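A.B. asks: Once you've had a glance at the structure underneath, I'll fire off some questions.
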């Protein structure tokens, strides 16, 4: 328990050891029986001795963090589920309702670096407890705002960003200090799986609670109650492990935080890929929208065709970026730039397609399912799948850094082939897009009535007159 009794309230680990005991079997470096200077992956016993937590307790901590992440995204999308009611209550238009999300995201974006700084230097458990308690209180307060105080709703949504930033920036680092290698990948995949599920539940909970209670305000009072449970679970279950202990040699000193400017300078040297992604995202989205807008004049199937061209075109460049990774980093970045630009062309177009093939009364539900399915088939499971393939490849090769590089390189190439499959799917979409859009337009205009269970009938002659009878009776 060294350091835990004398550490300040917002300090490092609250009730676990700061480091491992020398001579512990199953630990990296000199702690175990390693025959090389490279750190080994500690086994379960080694992890328990390092973190001071049993495997079951560590898994329970991840379960609590997953629950809070689920709640986090539920709250974020609950407002979207009752947005028409909010617009009607406050008598606002689309621009003002869009401002609700803009204020939240702006606050979240600005405050994330602040909590990143605090999370690297102070006790993460208490930072999350305080942030979630504050977020729950503010969300509950936002449900009592009178109709003439719309500006106050904007303020509370901005303050909600405080709580979410305090959690989203810190929780993954706790998982990183509890697990390593394959176990860490699995736990992170479970943690981020809560994003699509929570987003979809937010839409569903918002609309359903409003329907049951008859008042949209009650939709904003669900997650605060669950937030109180989250704070209690954090306080009672979560115990903060020492930072970086599972990854360092036994003879290396504990990691100490550096100044914020030193952190930024070090991160800037690793952010080339991030800058490329930001630039290509802006360029690709704008390029895709403009190309689609121009092609629509001559081809009504322009939207899915542009998406297909972007995905199919990006696949070879992403493949080449991986193939050249060892030989030329410059060529790798060039291919990544081209590939990500083409890949980003479909983002805004996909959202537009979803909106014009679905009638207005079902668009929120459609958005929810799109979010769930896109994450379910994408970033929810793909990190674990890529890691699993990489591990299988590494087992069949002699252990070396080159083997690790090659295994990850080959496993990531799967992404290029999946992108090509996505392009083929958009080509299939192009076949049906006109009919789907036309049906949605006719339905909105009242010119097309949707067949229900009672309309499962056909017209047949009977006794000199036409009458509607069930299809089943005709078949019998």
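From the backbone N, Cα and C atoms, a Cβ is placed for every residue, glycine too.
Predicted automatically and left uncurated, TrEMBL annotations should be read as such.
Take a look at what TrEMBL says about it:
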{"type": "REGION", "residues": "1-48", "note": "region 'Disordered'"}
{"type": "COMPBIAS", "residues": "35-47", "note": "compositional bias 'Basic and acidic residues'"}
{"type": "DOMAIN", "residues": "61-476", "note": "domain 'Major facilitator superfamily (MFS) profile'"}
{"type": "TRANSMEM", "residues": "99-119", "note": "transmembrane segment"}
{"type": "TRANSMEM", "residues": "126-145", "note": "transmembrane segment"}
{"type": "TRANSMEM", "residues": "187-206", "note": "transmembrane segment"}
{"type": "TRANSMEM", "residues": "218-238", "note": "transmembrane segment"}
{"type": "TRANSMEM", "residues": "271-292", "note": "transmembrane segment"}
{"type": "TRANSMEM", "residues": "304-323", "note": "transmembrane segment"}
{"type": "TRANSMEM", "residues": "329-359", "note": "transmembrane segment"}
{"type": "TRANSMEM", "residues": "410-433", "note": "transmembrane segment"}
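How buried are these features, and what lies next to them?
C.D. replies: Through the fold, the transmembrane segment (99-119) approaches residues 10, 76, 79-80, 83, 86, 127, 131, 153-154, 157-162, 164-166, 168-170, 173, 260, 263 of its own chain, all at least 6 residues removed from its boundaries and within a Cβ separation under 8 Å.
For the transmembrane segment (126-145), the residues of the chain that approach it from at least six positions outside its boundaries are 9-10, 14, 68, 75, 115, 118-119, 152-153, 156-157, 159-160, 162-167, 170-171, 217-218, 220-221, 223-224, 227-228, 230-231, 234-235, 238, judged by C-beta separation under 8 angstroms.
Same-chain neighbours of the transmembrane segment (218-238): 60-61, 64-65, 67-68, 71, 74-75, 78-79, 81-82, 125, 128-129, 132-133, 135-137, 139-140, 142-143, 174, 205-207, 209-210, 212, counting only residues six or more beyond its ends whose CB sits under 8 Å from a CB of the stretch.
Long-range neighbours of the transmembrane segment (271-292) within the same chain, counting only residues 6 or more positions beyond its ends whose Cβ lies under 8 Å from a Cβ of the stretch, are 302-303, 306-307, 310, 333, 336-337, 340-349.
Proximity of distant same-chain residues to the transmembrane segment (329-359), defined by a Cβ-Cβ separation under 8 Å and at least 6 residues beyond the stretch ends, is recorded for 272-273, 276-277, 279-281, 283-285, 287-289, 291-292, 303-304, 306-307, 309-311, 313-315, 317-318, 320-322, 366-367, 370, 419, 426, 429, 433, 436-437, 440, 443-444.
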A.B. asks: Just to confirm my parser: what is the rounded mean pLDDT across the domain 'Major facilitator superfamily (MFS) profile' (61-476)?
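C.D. replies: Average per-residue pLDDT within the domain 'Major facilitator superfamily (MFS) profile' (61-476): 78.
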